[in-house]
Amino acid sequence: MLTFHNVCSVPSSFWLTGIPGLESLHVWLSIPFGSMYLVAVVGNVTILAVVKIERSLHQPMYFFLCMLAAIDLVLSTSTIPKLLGIFWFGACDIGLDACLGQMFLIHCFATVESGIFLAMAFDRYVAICNPLRHSMVLTYTVVGRLGLVSLLRGVLYIGPLPLMIRLRLPLYKTHVISHSYCEHMAVVALTCGDSRVNNVYGLSIGFLVLILDSVAIAASYVMIFRAVMGLATPEARLKTLGTCASHLCAILIFYVPIAVSSLIHRFGQCVPPPVHTLLANFYLLIPPILNPIVYAVRTKQIRESLLQIPRIEMKIR
């Protein structure tokens, strides 16, 4: 294993340990991780295929759902294949540029996903609070622009992270990253220089995205609940709230693991390193696995489309 204690050097590559402390169990750990990754890929590809084929699903909410599925595929694919390579083949080596690229993809698309959830909250707000104008406000062009803005925001916010590491912190105390992927804080901790700027920027962006998006989503749902409470009958209220159930579940699936993982990473000094790494990997896998399931179970149109899989296969052929 490549370690250079007390010597600062410019690395050409890093060595990922996988799940530190559980190296003897890597082969066995590959079974649940490989299975979960397969479920995530199949689920999200199915969502993309169903929405593409069924014209009745060509609506803003389902276009946002497709964006969510594509993001989840990027997030899971940016880490799990490498993790399985470590588990199965001992492929622990990762080039410096590949490491920084992986870091960018993970943090960028997590930020983009948060932006898509905010756009979906806006869609639900317009659909419930101003339904007559929904088709005029949420046009295909507007939906595309909201997705593009979310992507650009992710690139602008996260782009400086690998650049600052590359330009400000070229020297490293060791080439061994005690993690299964190139997480920002794990890489910065290995550097020899003053990393305070990198740490402050990374934390600031994380809290900025988390707090601002959470507050905006919460505000939209406060207005939604006020509009729902103004409906005449309990049945109408339940039916209207039901249109938000999938989105609310997906929000909880996304933000709760982030909050738990961040709190444990910052303040859980007593938590063993394997738990930190396992939580970080589950955080990138749980939303891609559960989002398609939640929307398939809670959304009638998707359920009905999935029941017509044989007809869909005929169309593809």
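A Cβ is built for glycine as well, from the same backbone N, Cα and C atoms used for every other residue.
Relative to the membrane, CYS99 and TYR125 are listed by Swiss-Prot as lying on separate sides. Scored by C-beta pairs under 8 angstroms, the transmembrane segment (28-48) has its highest count with 277-297, from the stretches 142-162, 241-261, 277-297.
Candidate disulfide-bonded residues: CYS99, CYS192. Fewest other C-beta atoms within 10 angstroms, CYS192. Ranked by the number of CB pairs under 8 Å to the transmembrane segment (142-162), the listed stretches 57-77, 102-122, 200-220 are led by 102-122.
Scored on C-beta pairs under 8 angstroms, the neighbour of the transmembrane segment (277-297) with the top count among 57-77, 102-122, 200-220 is 57-77.
Taking Cβ pairs closer than 8 Å, the topological domain 'Extracellular' (78-101) reaches residues 11-18, 26-27, 29-30, 33-34, 36-37, 109, 162, 165-166, 177, 180-182, 187, 281, 284-285 in its own chain, all 6 or more past its ends.
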